[in-house]
Amino acid sequence: MWRRVASLSSSVSSSFLAQTASRLNTWESLTTGIAQQAKGVIAPKEKTPFITFVLGGPGSGKGTQCIKIVETFGFAHLSAGDLLRREIASKSADGAMILNTIKEGKIVPSQVTVKLIQKEMELSYNHKFLIDGFPRTEENRVSFERIIGVEPNVVLFFDCPEEEMVKRVLNRNEGRVDDNLETIKKRLTVFQALSLPVINYYSEKGKLYTIKAIGTEDEIFEQVRPIFAAFEAIPLNTRWNWNISALVVVIDMSQRENSRKNNIIVLQQL
């Protein structure tokens with residue numbers, strides 16, 4: 001909608017035009033800077049992230065659903081498992097330690113995983129993150145909130161029967177060192193023993209959404225979609241909202257013959 005803000009006589013129009021030109025130059029510089037920020041030219045550490053934790057045992061299908069969430073709602077997907085495997089592939093000292101820990105079916109030290117996640121967040125121009133497979137323990141949770149300095153906005157828990165998870169992992173044949181029956185059972189035992197306190201904690205805080213992870217990928221996603229659709233519909237103070245009202249100055253010369261004054265009409269978009 002456009003509305004008339006001012007009408008000036010020709011006697012003051014020159015002065016007004018000079019002032020307006022100066023203000024428009026300032027406005028142009030401001031909006032150009034903001035537009036650059038909106039495109040991501042802003043330090044990631046200055047952003048307030050919208051964080052979703054994605055929890056579930058191995059083979060619960062959380063990775064597949066993360067892909068759908070990314071495609072539908074524009075999140076950045078940070079898989080704790082992928083970050084750990086990348087570190088293993090780097091042949092670093094941390095990578096060797098991580099590999100041995102995983103082979104034993106144990107949990108990687110919290111600070112190691114959190115720092116890998118933090119690094120990825122700081123490098124990203126996105127502010128919406130799906131953190132997949134983390135935190136799995138209370139120590140993980142406390143370390144994340146201490147090091148990163150924020151709590152998650154949403155926590156998804158993909159609840160899947162153990163026999164179904166074992167079948168899925170054995171059938172996916174991705175060549176991972178931890179995709180064998182013995183290690184899978186160790187991982188499931190560790191997950192069930194250590195993750196319940198985390199799940200209960202976020203349930204008590206009203207942030208937990210339990211997804212029944214049985215059915216087709218699309219059927220499961222139909223449980224997930226409304227959760228994020230609801231957040232998308234509500235303006236949140238954790239999101240960037242570069243909703244800039246443009247100021248436009250128009251000099252109306254077309255009515256000069258029909259008017260004794262040259263109207264200068266300032267239009268402002270509402």
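Here the Cβ of each residue, glycine as well, is placed from N, Cα and C on the backbone.
Not measured: the values here are computed from a predicted model.
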Same ATP site per TrEMBL - residue from GLY105, GLY215 joining GLY59, SER60, GLY61, LYS62, GLY63, THR64, ARG172: GLY215
Candidates ARG85, ILE107, GLY133, ASN140 (binding-site residues) - the one closest to GLY61 (ATP binding site) by CA: GLY133
Largest tally of Cβ atoms lying within 10 Å of a Cβ, found at which of the binding-site residues LYS62, ARG85: LYS62
Subset of binding-site residues (ILE107, PRO135, ASN140) lying within 10 A of LYS62 (ATP binding site), CA to CA, in sequence order: none
Protein Cβ atoms within 10 Å of ARG172 (ATP binding site), excluding its own: 13
Sparsest Cβ surroundings (other CB atoms within 10 Å) among the binding-site residues GLY61, THR64, ILE107: THR64
